[in-house]
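What follows is one structure encoded as structure tokens, with my remarks underneath.
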Amino acid sequence: MNGQKLPDEFINNMHALFVKADMQDEWEDFLQGFDKDWTRAWRLQVDKTNPEAVARNFVAESALDYEVEDYLKEVPWAQDGYYIPKDAKPGKSLAYVLGLLYIQEASAMLPAEVLATKPGERVLDLCAAPGGKSSQIAKKLNGDGLLVANDISESRARILAHNLEQQGYANTLVTHFDVNEGLPEDWYGYFDAIQLDVPCSGEGMFRRDNQAISSWSEYGPESIRKIQMQLLNDASELLKPGGRIAYSTCTFNTWENEEVIVDFLNTHPEFKLIDPREYMSGKDNLRKGIVIDDNYPELTSAVRIWPQDNMGEGHFCALLVKDENYLQESLPDKAKKIKKKKKGKDNSKLKGSSIKLEDALEVFWQFCENNKDGNFSEEVFSRDKEKYRIINEKLYLMPVEFPELEGIHLLKSGCYLGDINNKGKRMSFNPVRTLLLPIPSEYWKYRLELDSFDERVYQLIQGETLFLEDSELEDLINKGIKDQEYIAVTVEGLPLSWVKLNGRGLKNLFPRKLIR
């Protein structure tokens, strides 16, 4: 806490809670924990590699005296989650640049594990920025289903879009809206699962963020309770019968946790609380919720992480399931009726672009055909134009299914494939890095395969010019490459970036915002 004193009111409130929960013997451990260093964690984000290989990369790139096993101490409750040793900086590693991992506080990995997303589901992450939980959900969907990741703050939603974009998931949308202002009618009762990590007083952040202490002292937990209840009520309307909501906070008090759940259940008899420990790993590290109302003994089904128990800052999560036989009598008044487009109407020019979608797709498919390895017979990109969208000359591969988007502020629409250049004599397609991410690197005819210790890997991510070795240039020429054509650069089979042939050199096309 860098010497900042805990608020007296917080200490008094927490001591009373520990007495009520029969945890008095842990009180001193809880208080002393605030003087200890907080721990970070990393989570393997893709299935294209394994955690041991990533940990070896950490060791090889770091001057710290750590072994591979030091990076592989598991976060008990999180699939593919591992603690980061003190002073280690995996965020500066090549593995991070390749999008193989996400860095996240260990306790924050809990809610997505409680939600337990399955492939094929429609999932909404309502308060999603900066994207840790969304990236967990996207991985669990495994390309099948839909994730809508939203944040009410546009600046935070842009960070969310950037983080998810680097993973290359085509079945994700990033939106920026206030759910309380209403959504199109078909959003209501649409989702199988909703992640609801609500804004909170942040008591679980005190050890690592002095600003959280200052904010608590100024506003207190009472200031946020109304927003939490409103978000939970709104989420319940968007959930289909039989669906589930994982409500979570990073705070300790019952006012924002168990008491919110009691108030919600009192007004929503169609919901019940379910214990997620039945299917979760790390059960021994997860505490039960606190029974603050004898009429609701099922509060023990909620899940808590306490910092005195684990290497984590603390979290609360409750899994609420909607009765599968529940029939909603009417839509809420704020639901927006959208006039459906008539069949046969020309949708070839989509909002936000002067380019016809058919023309954009023609140059895109031609690019794929020209750059495809002849031995790769599988059709990677669909020829169904309904699966694509063009916005501001940017071409996107959309999810297979998505709700009405009229009036929704979209920041990310599926997978960003590239830019349509319509300024010259002929329209052309310029690919971007995210086009490389969702497909096997073997698809591309012109590719430069590097190992992780090749100095050109680091030249590329630092924005420098690269040069080909004689044998590499000869191989590309034999495959038919011409000057100014694109080459896919991979590192041990994993996609890194595009470059463009320029004589013997390579024009570096690594995204400027990722240059280190």
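FYI, residue positions are counted from 1 along the chain as it appears here.
Here the Cβ of each residue, glycine as well, is placed from N, Cα and C on the backbone.
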Exercise. Among D80, D87, D197, D209, find me the residue TrEMBL lists at the same S-adenosyl-L-methionine site as C127, A128, A129, P130, G131, G132, K133, D151, D178.
Key: D197
Quiz prompt | recorded positions (C127, C250), the one with most neighbouring Cβ atoms at 10 Å | solution = C250
Practice problem: Run through the Cβ atoms and count how many others sit within 10 Å of the one on K133 (S-adenosyl-L-methionine binding site). | Solution: 27
Exercise. Could you check what DSSP calls K133 (S-adenosyl-L-methionine binding site) once collapsed to helix, strand or coil?
Key: helix
Practice problem: Note the mean pLDDT of the domain 'SAM-dependent MTase RsmB/NOP-type' (30-323), expressed as a whole number. | Solution: 95
Practice problem: Give the number of CB atoms, excluding that of G131 (S-adenosyl-L-methionine binding site) itself, located within 10 Å of its CB. | Solution: 28
Self-check item: Among A129, D178, which are binding-site residues, the residue with the most C-beta atoms within 10 angstroms of its C-beta
Solution: A129
